[in-house]
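A.B. asks: I'd like to ask you about the structure that follows.
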Amino acid sequence: MKQPKKLTLSQKKLLVDLGLSPKEWMNLFEDDLYLHIVKKDSSDRKIIDKEERVIVGEAD
């Protein structure tokens, strides 16, 4: 697994729109359609569809 990165400003705005706190999440992987994030204090993961602006998947 790659090391998580800090969120960019646009990614932070996306998380706020979805009701998530940007302070608790880091960017694990990003491509053209999806943003994969991981929680800082645990291994909870979420997959966000950037076009639809919805959470499409959750993994532990």
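Cβ atoms here come from the backbone N, Cα and C positions, even for glycine.
TrEMBL lists these features:
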type	residues	note
DOMAIN	1-50	domain 'DUF6906'
A.B. asks: Just to confirm my parser: what is the rounded mean pLDDT across the domain 'DUF6906' (1-50)?
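C.D. replies: When the pLDDT values over the domain 'DUF6906' (1-50) are averaged, the result is 95.
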A.B. asks: So, by DSSP, how many helix, strand and coil residues make up the domain 'DUF6906' (1-50)?
C.D. replies: 12 helix, 18 strand, 20 coil
